[in-house]
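Trainee: Before I ask anything, let me first share the structure, which is written out below as structure tokens.
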Amino acid sequence: MPGLPVLVLNSGSSSIKFSMYESGESARRKLMEGAVDGIGSGEKEGKFWIKDPNDRKIVDQSSHVPDLASAFKLVEDALLSAEKHSGGEQTWPHPAAIGHRVVCGGPTITENQRVSPELIEELERYVHFAPLHNPVALFIIRETLKLFPEVPNFICLDSYFHRNLPEVTRRLPVPAKYTEMGVQRFGAHGISYESIIEQLKPSVPSRLIVAHLGNGASIAAIRDGQSIDTSMGLTPTGGIISGTRTGDIDPGVLLFILRELLKASDDGKHAADELEDAVSKQAGLLGVSKTTNDMRDLRKAIVAGNADARLAVDQFTYTIRKFIGAYIAVLGGLDMLVFTGGIGVNDSDSRAEICSGLECFGIVLDAQRNSARGDVTISPDDSSVTVRVIPPEEDLIMVNHVYRLMAESSH
Ligand code: ADP
């Protein structure tokens, strides 16, 4: 099946990212990539851009994107206009297959697979297991099916990488009837973790910790390439404090907030949604700093002497350091620590702050190497633990899954 054009869509609460690859038995050639971000930022304009395979921006505009529908319209127009220009100015072809990132498929959908009406219905049942992501992914799946009705669509699950978590980490200590309803640790960022393993092949270290630090942040303990523990739980709200999410928190706090919300409301109908909003959209770095969830802005605020920003970042690095210590215990030692995600790849200060105090475990940074950019080793050569920075290649992993599923279905 040589040269299949595969479109992949990776959507979050405030952005739609997309890219197209020409996919063959072994080679993958990028045809384009783009994104709409700043969706639903009120008066603030969002950005819409598309880059060609040489990283040149062929679309770069500020747009008012009040909601997901207006954001998807921009993507739709771009995909269709390229097609219309097939006579001369074509920059990318009609997709032969489409892949969608879905954070969590719930207890019944654990494998990457082709989209069907039944699958969509099943995903709907578990939207609250990834409240910021799954509703967006479902919207985009439906719109894409309308746009390219004849093209097969596939889901690529973040929960797939963690599907074989041992029972001791998967089972959450709630009454059994909730476990039967699907409550368990699913973890997230699985596609990013898969991409790190893929890039480390053929020498994947036996005892590996990967910290995916982006707007959402999580960490995974990986033994011989398999996830054995991960910080996010039923939803991506658990684990490490991140941009707008609490991370792990005493359940008593949830009850306190819920009671306050119920007291303040007439009928209590929206209390669960308001609680979700409080712990997933208003908390974390934003909640503690009171101003922003963006690490670049937090770093500027720290330089300007803002104590709330300092505390937010200290909590962030502290919880990650705690998880690294715990996962060293879980793995019985450590061979490699990898930083990835927007903060993990770009913020050398966060990496230095997280690693400081971990020297007793053999985690040592070389300050000069840590200030370099891209795919680099940031520990000294003689270090017992190798510390690396590896940018995630999530789109490539999705393209690989789609290509494999297409090939399997054609047999
Ligand atoms: P998402 O989870 O939305 O995919 P990303 O992986 O893109 O998030 O990461 C976004 C985070 O990365 C933001 O907090 C942003 O401030 C941070 N970031 C991006 N570039 C830099 C940089 N050069 N220095 C510090 N932080 C950065």
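Backbone N, Cα and C atoms are what each Cβ position is placed from, and that goes for glycine too.
Pasting the relevant annotations from TrEMBL:
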{"type": "BINDING", "residues": "Lys17, His212, Leu213, Gly214, Asn215, Gly216, Asp294, Met295, Arg296", "note": "ATP binding site"}
{"type": "BINDING", "residues": "Arg101", "note": "substrate binding site"}
{"type": "ACT_SITE", "residues": "Asp158", "note": "active site, proton donor/acceptor"}
{"type": "SITE", "residues": "His189", "note": "site 'Transition state stabilizer'"}
{"type": "SITE", "residues": "Arg245", "note": "site 'Transition state stabilizer'"}
Trainee: When you look at Lys17, His212, Leu213, Gly214, Asn215, Gly216, Asp294, Met295, Arg296, which the record names as binding ATP, what is the longest CA to CA distance in angstrom?
Mentor: 21
Trainee: Given the recorded positions Asp158, Asp294, which one's Cβ is surrounded by the fewest other Cβ atoms within 10 Å?
Mentor: Asp294
Trainee: Considering only the binding-site residues Lys17, Asn215, Asp294, Arg296, which possess a Cβ situated under 6 angstroms from at least one atom of ligand 1?
Mentor: Asn215, Asp294, Arg296
Trainee: What are the non-local neighbours of Asn215 (ATP binding site), defined as same-chain residues 6+ apart in sequence with CB under 8 A from its CB?
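Mentor: Gly12, Ser242, Gly243, Thr244, Asn293, Gly342 - these are the non-local Cβ neighbours of Asn215 (ATP binding site), listed in sequence order.
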Trainee: Quick one: pull the CA-CA distance for the residue listed as 'substrate binding site' versus Asp158 (active site, proton donor/acceptor), whole Å only.
Mentor: 7
Trainee: Taking the Cα atoms as reference points, how far is Asp158 (active site, proton donor/acceptor) from Asp294 (ATP binding site) in Å?
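Mentor: Between the Cα atoms of Asp158 (active site, proton donor/acceptor) and Asp294 (ATP binding site), the distance comes to 23 Å.
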Trainee: Determine the Cβ neighbour count for Arg101 (substrate binding site): the number of other Cβ atoms within 10 Å of its Cβ.
Mentor: 24
Trainee: Taking every protein chain shown into account, which of the recorded positions Lys17, His189, Arg245, Arg296 has the largest tally of Cβ atoms within 10 Å of its Cβ?
Mentor: His189
Trainee: May I ask for the distance between His189 (site 'Transition state stabilizer') and Asp294 (ATP binding site), taken between their Cα atoms and rounded to an integer number of Å?
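Mentor: Here the two Cα atoms are 19 Å apart.
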Trainee: Between Arg296 (ATP binding site) and Arg245 (site 'Transition state stabilizer'), what C-alpha distance do you get in Å?
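Mentor: For Arg296 (ATP binding site) versus Arg245 (site 'Transition state stabilizer'), the Cα atoms are 18 Å apart.
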Trainee: Around the Cβ of Leu213 (ATP binding site), how many other Cβ atoms lie within 10 Å? Please give the count over every shown protein chain.
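Mentor: If we count other Cβ atoms within 10 Å of Leu213 (ATP binding site), we arrive at 27.
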